[in-house]
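So that you can see what the record holds, here are the features copied from TrEMBL:
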SIGNAL    1-22  signal peptide
COMPBIAS  88-105  compositional bias 'Low complexity'
REGION    88-108  region 'Disordered'
DOMAIN    111-203  domain 'Yeast cell wall synthesis Kre9/Knh1-like N-terminal'
DOMAIN    225-316  domain 'Yeast cell wall synthesis Kre9/Knh1-like N-terminal'
Amino acid sequence: MHPRSFLTVLSTLGFLTAGIDARRTRRRCSSVFPSSSALGPEGSSSTIIATPTSGFVTSTRLSSASSTSVVDSTSAVESTTAIVSTTSAVPSTTSTSSPSTTKPSFDPIYTPTNLQQLTFGQSLDITWGYDAAWAGKIDIKLIGGADSNTLVPLGTIVSGIENSLGKYTWTLDQDWIGSYALYGITITFEDGTTVQYSMPFKVSGGGSTTPTNPTNPPTFNPIYTPTNLQQLTYGQVIDITWGYDSFYAGQLEITLIGGSEQNLQFPLGVIATVDNSLGKYSWTINNNFVGAKNIYGLSVNLKGTNYQQYSMPFHISGGPQ
């Protein structure tokens, strides 16, 4: 055989051997390098990167994908480890805001206006803003004093009207009008604790000629018993006692309050309404609103006024609640 022909045969055999090795390599690597169809369409949400190293592979983002899969292969092609980084690009649907549970302002008073001049005997529309969150009954009272810092309750203008009315026509003819430099209106919600105040105003004329001194009134009804953290029992009788001054003549409403702790007490029910001058009321603890509270107390209110006093906290064991 001619030497050149022999070289041609050897070259041809070498090319065929290289082709066979290449096919074997493709078959062996097909389990590691997926075909383009396995990667999904262009711009899909995940991309697989094959890195033929034996060390830890740091993920590399190739597109705007929301997650990247990184394959770390060892020197032996058959042994592979997948490390997946999942960084979501989907917007969070978790709401960071919650519906407001705050009540609107209670009954802002529009009239009378600031320093409005009224006359004894005239009629005035007392007007206020109303929101259905404050549906219920209200009391409207007159306060008066030497200045806006010394106003004290003088009397009730009207009691138990519907708050939704938004207006009450008041005739200024009460005998406790006429002796003070300034007056004001209070609106009290039926819970007895929510109060709104008007701007101060003036009234000329009136029936009262001998006003009491509103600047230094005596302490209202200090409650002596029950005592601090006194232990009572459902069914027993206890004397509720308080101090009295004739400045606070009138009817006294005694209410039981209770709750999980002293600062979280709320009205439970009225125990009795008595003449304030008695200074004492014997209470049989058998009301159906007694029981299941950690702490109790008493509140006393001079009816028709904003004067209120609270007892020390106490305990009651037993009861239907």
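Just so it is clear, glycine is given a Cβ too, placed from its N, Cα and C backbone atoms.
In the domain 'Yeast cell wall synthesis Kre9/Knh1-like N-terminal' (111-203), helix, strand and coil residues by DSSP number 6 helix, 49 strand, 38 coil.
Residues of the domain 'Yeast cell wall synthesis Kre9/Knh1-like N-terminal' (225-316) grouped by DSSP class, helix first, strand second and coil last, total 9 helix, 48 strand, 35 coil.
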